[in-house]
Amino acid sequence: MEDKKTATVDTEAVVDIRSDDATPVVYVDPEKEASARWKFDTYLVPVSLIFIVLSALDRNNVGNAVIFGFKEDLGLVGNQFNNIQTLSSFCSFAGELPWTLVVRRFGARKALGTAFLLWSICTLGTAFIHTYGQAIAVRMILCACEGGLSPGFAFVYSTIYPQEQAGKRIMTTNLAQCISGAFGGLFAYGIQSMGAKRGLAAWRWLFIVEFCVTMVIGGIGWIFIPDSAETAWYLSDDEKEAMRMKRKRDYLLRGEQTFDWTWAKESLKDPFVYLLGTAFFTSSVAINGFGVFLPSIINGLGYTSLQANYMTIPVYVLGAVSLLTQVYFSDKLKSRGFFIIGCYVPVAVGYLICVGTAAPGAGYAGMFILVIGKHKQSHVNVPLHS
């Protein structure tokens, strides 16, 4: 995170626009701007991490539920569970752009607060589904609401931080995946140990308890999400003014942010766009599939369902440590290509070990190798767009 005393700020905020009348001058107090960013690092960034952890828990713990009765209780057969996940993942991707536009139009506090409420209701609804159709409907709506969370926070970051400082904040998205995976396994282990209560199966209690946790923690965190950078209640009047002037400066430097088909067509001619698009797609398949199916993979290696839930925890802990390490060195060395290529090698090796061996210990070890490269792809790619 950016240190309050040593924060890098743009001290040159004078913009010269050719005009016969006057030369607009926008000055942003560097100390106030740095102070405002420090407060956002203190309040907003941790809250965004918590929100994404909660959303990932609500989305991925269906994988934990599967190994203690979800499919059997709903009567799912064949590829029906896979169909639920495929349609849900599509809704996650489809929801990204609309929610980002809603954040831009109505403000982060209103938009992300609405998304938070809707996906929480769907989490609770998952506990009371009984048919294949109900499962598809609830999970599709849940993922559609969660889909805009990460890009929504990324948009808010873009209005606060310079491009070169955004990478570490964007990293919180994938770090949250690791944290949610570790806590999700621990959470599921505790709920499964509890067993059926009050006529409800343990997997149903998993979603009920998650709903309660999400509403309490997320509700408190929502207080710290501003509609815009200059309206955050925890900023002083001078800091709010600095954020307002920064917005004006960005407008003068970058121009009005309007959609132009000319630039869209130009981008489609750039092979780099397709290369990074392929990289994002393949990494997303690995991240989303791994998050949901890891408990089933471990269970399929011969471990019990109870063991599979808690055995996911160390895998995600290693993933978090690996993510932080690679982010640090990729930024320090200002090297992206090496780390992008390096991300794919352990993922491929880990899956090959898991598929190619019948030994449970070797397959489980393959998951540790795989997770070393699984979460880094999107972070090291993002700065290349700047």
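The backbone N, Cα and C atoms fix where each Cβ goes, and this holds for glycine too.
What TrEMBL records for 44-386 is domain 'Major facilitator superfamily (MFS) profile'. Annotation source TrEMBL lists transmembrane segment at 111-129, 136-158, 170-191, 203-225, 272-298, 310-329.
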Report, as numbers and ranges, every residue of the chain located at least six residues beyond the transmembrane segment (310-329) whose Cβ falls under 8 Å of a Cβ in that stretch; write 'none' if there are none. 64, 167-168, 171, 174-175, 177-179, 181-182, 184-186, 189, 294-295, 298, 303, 335, 339, 342-343, 364, 367-368, 371-376, 379-380
Would you say the transmembrane segment (111-129) and the transmembrane segment (170-191) are touching, if the rule is that at least three C-beta pairs must lie under 8 angstroms and be 6 or more residues apart? no
Considering only Cβ pairs under 8 Å, which range in 111-129, 203-225, 272-298 makes the most contacts with the transmembrane segment (136-158)? 111-129
